[in-house]
Amino acid sequence: MPNFEVAEFANEKENLISLYKAPNETEFLIHLQQLLKEYNGTLPGDSIPNFVVSEGFLILIVLTTFAMGLATDPHRMLQYIKKPIGPLIGMVCQFGLMPCIAIAFISTVPIGTFEALVIILYGCAPGGGFSNIIVYYMGGDIDLSITMTMLSCVFALVFTPAWLQIVPLVVNSSYAIIIPYKEILVTLAAVVTCSLFGSFIHWLGKRYDFNRRLKIITQFMAATSVILFIAILIIAIYKFYPVAIVTQAQLVFSAILPFLGFTIAYALSSCVVWILKKIGKESGVKASQHLTIGVETAIQNGRMVNAITLALYKDMMFENAQTFFFPLLGTAWQAVFGITMAVIVRIPCINRIIKDGREKLQNEMNEEEEENKVNFES
């Protein structure tokens, strides 16, 4: 966040950053002036460069997707693309369900214009890479997770701008929405390149029998990614919270979105599979795939939203204060969601269902691979 010059205001002691409603601009500037006086003309986070947070999250995406690529079988990714029932359900949830939840929230809850804007932007930005780590520690289908992450990055080039065209119809804002094609392309390049490279190494590991070493490397890199994620998140909160306007609406939405998105996506996926089964069509989607679709739907790309809000309000401290911190708040709740889900799936009865589904899927895919080999040889 850029530095700003603030005019002198009366030294009036008030609780300005409210959890219930946003302060007006004068109140906010008084609060900011008090902070500057308290910290001798600087803000607590000014000593931390912006790139530590922005580039730190990009490095995290690269590390995470490469690590998860090492655990991804390219043949299974190809099978998901050939029979894309799971990915298609996921894309509908990511690009249809989440934006609708955001629009429904801002339509029913009385909130300010800038808060409404950042909430709907957040709902229209799927992906982010952290979902792969959650799926990995939940014991979900990492092959489907990586496939969906790559597809969501590709489809984001079309669907995210399309949803952003609807924003002016829902939010009363005089600012033109800037489509962050650069951020989308950077994320796409990082995710696809690192995932495919990691998956290629996985294939080499199976071919030349060093897969066990790859599993150890994957476990180490996954743990490193979690530690790095928590560290960057703490740094970001420390840097930006003193000048952030955080309201009750932001807290509520950021807290419920991952859990609500997961629940609805899981239920929708289960319903689609049930309907297909009733009409005599086997989907091949098991419990671990339902979990994966739910997690991929629940996780949003806060980095992309930050890029949009910075472009919109680059030199506007008050507007920036209402929008820039929300994606970080959402990311923090995503971490809570991930930890919660990782604990829940350790419950014996739930873990057994996931494990059975994963074993059935493994057997089906192995049988299909054997059939393909026989057909190829014949």
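Counting begins at 1 with the first residue displayed.
Placement of Cβ uses the backbone N, Cα and C atoms for every residue, glycine included.
Some features that TrEMBL has for this protein:
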type	residues	note
COILED	351-378	coiled coil
TRANSMEM	51-72	transmembrane segment
TRANSMEM	84-106	transmembrane segment
TRANSMEM	118-137	transmembrane segment
TRANSMEM	144-164	transmembrane segment
TRANSMEM	184-204	transmembrane segment
TRANSMEM	216-241	transmembrane segment
TRANSMEM	253-276	transmembrane segment
TRANSMEM	324-345	transmembrane segment
For the transmembrane segment (118-137), sequence-distant contacts whose Cβ falls under 8 Å of one of its Cβ atoms, 6 or more beyond its ends: 60-61, 64-65, 68, 71, 94-95, 98-103, 105-106, 111, 145-146, 149, 152-153, 156, 160, 163-164, 167, 170-171, 187, 191, 222, 225-226, 229, 249-250, 253, 257, 291-292, 295-305, 308-309, 322-323, 326-327, 330-331, 334-335, 337-338, 341-342
Stretch of maximal Cβ-Cβ contact with the transmembrane segment (144-164) [cut-off: under 8 Å; candidates 84-106, 216-241, 253-276, 324-345]: 84-106
Residues from the same chain, set at least six apart from the ends of the transmembrane segment (184-204), whose C-beta lies under 8 A from its own: 58, 61-62, 65-75, 77, 127-129, 146, 149-150, 153-154, 156-157, 160, 210-211, 214, 301, 303-304
